[in-house]
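This report refers to the structure that appears directly beneath it.
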């Protein structure tokens, strides 16, 4: 480090203002018009058509180069492991979506194959996801509640639910909202709107998924206790549901509760064992699969449904459903929910995809990911699937078991197909309480996200507030409204941060061309006679007035008071001149024919060689953090320059980006008197310009013995 400090560094060049830089670099004024850009984008050529095809259907580019020797074994083991894991998760998350469990298997098959063809991430596991499922469940419960399917049973003389009609209608709703969300994703991908995910910051996503996990847990309590609460929808529905569950706790089915407790404890212990032996085992133990197999066998042998009233999965039809058109009549009722599903599903998938892309050194196309997910959902809507996304737990299994390409996902879909065609009917006696237990145990990772709060408190308190507020809004307003409110709050924090930037005066690090805030460094010194003003944010309409106020405060003198005093002085001088003119005119009438006398008492402006020490010679505005200027920002800079130069203080701009210079040009900042010579390439160039110039400073005074106050 000491040797690095001793290394010499020197550079010799002229002081460069913006005009000199434009001349040296030969700035081009030619700009591509909108019509030319459109024509260029519409041109078609062989290479461009090929690139478009390979970009739209990525499997065509990577599958012919697939290395069987390097990737086949890992993808095979990974595909089988993930496929086995998809079975219990698909059935469990179907309960979250309020549709029969077999439709969770369909949602783990069709969309996965579509993503295999169009997706660009090699490691994420596409399929059912808890947050997406509970959002769909909320839509379904709103449009197809149990109360709409009550029929009278003559045998029991009571009302019962027509389960067949209810499930058929719920599948129609799920397919409709899934299809529309897929269309949203396709359209957003085609218009290159993949950057929308940038508005979903990591604290927002983690707070949102944690809040959604609370909804998931509450929605599964009825299967854990064997009760039938009324499912509420809309804001504060979670609170109403919790109160309803507490009210019904005395009606708990003891058999169901025992099954739930045993399943949860068994799954937790098995997962801990799995984690303990993870380094010794080539593939993880399929804990969920073993759990549902054991639970199904026990339920079948003991007849838990018949003897103890434990609710089981019921009929699971073999084979695949024929495609059917989504219910167009439902589109208008689910369009808002579909957009929320599209954004949430894409945000979770692209976030996880980028993590693994960075880890393994390849790129993920954000717009193509939108199209791939959109096609997966829209095509899945024809086959009665519900909306899918990426699962963290399955993705970790796919990566840890050796999965290296999208082939692993395709193999997992084949495993699901095999189960759906021949094995699915064997799980008809599976207790729903076990599926709920699987969901509870799989959510432990999301519950660990509460540890983000103390970590964010230490690193960034604004991000912590975003996390907490997102969590609260999601819990109170449900996942759909909660997401919209959370994004709105996140945008407000951005606005507040740009409205309240840090303003500082810069000083020079001795013997360097480096300038740093005076209050942050002990060895930084202010350049004599020069004020260097710096703002940490861009300058636009929301903070333009604060920028001016901060400059006035940091400068140490009241520019408004000085200008006001000057105007009063000027007005007084004009009145004095007018009074003298009247006296001269009157005297001329009274002394007609006599030679006029010269007036000696008219106010004059004196020019002193010495500059008033209470004012700086120049103010340099460091605009390096500014990435754009709106019309208000340009007017603010023009006003600052006019006001300060009116009292003899030169105002210079430094570090302007090219776009900012263009904004100044189009905003009318420059004129015959104000040229690019007041814009400098760096702060140091502006400082050197001020130190090398020798200008007379104009001081105003009146002939009647009054002097302008500068404080």
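Residue positions begin at 1 at the first shown residue.
For all residues, glycine too, the Cβ spot is worked out from N, Cα and C.
Bear in mind that TrEMBL entries carry predicted annotations, made automatically and left uncurated.
For the ranges 212-232, 317-337, 338-358, the feature annotated in TrEMBL as transmembrane segment maps to 338-358. Looking at the stretches 149-170, 281-302, 435-456, 501-522, the one that TrEMBL records under the feature transmembrane segment is 281-302. Relative to the transmembrane segment (173-200), the listed stretch 370-389 leads the set 93-118, 124-144, 247-269, 370-389, 409-427 in CB pairs under 8 A. Note on the transmembrane segment (281-302): residues 77, 81, 84-85, 87-89, 91, 259, 263, 266-267, 270-271, 273-274, 310, 312, 397, 400-401, 426-427, 429-431, 434-435, 437-438, 442 of its chain, located 6 or more positions outside it, place their CB under 8 angstroms from a CB of the stretch. For the compositional bias 'Basic residues' (570-588), the number of residues in each DSSP class (helix H, G, I; strand E, B; coil) is 19 helix, 0 strand, 0 coil. Ranked by Cβ pairs under 8 Å to the transmembrane segment (124-144), the stretches 247-269, 370-389, 409-427, 471-496 are led by 370-389. Within the same chain, the transmembrane segment (338-358) packs against the transmembrane segment (370-389): three or more Cβ pairs sit under 8 Å, each pair at least 6 residues apart. Among residues of the same chain six or more beyond the transmembrane segment (409-427), those with a C-beta under 8 A of the stretch's C-beta atoms are 75-76, 78-80, 82-84, 86-87, 90-91, 101-102, 105-106, 108-109, 112-113, 115-116, 119, 125-127, 292, 296, 313, 316-320, 398.
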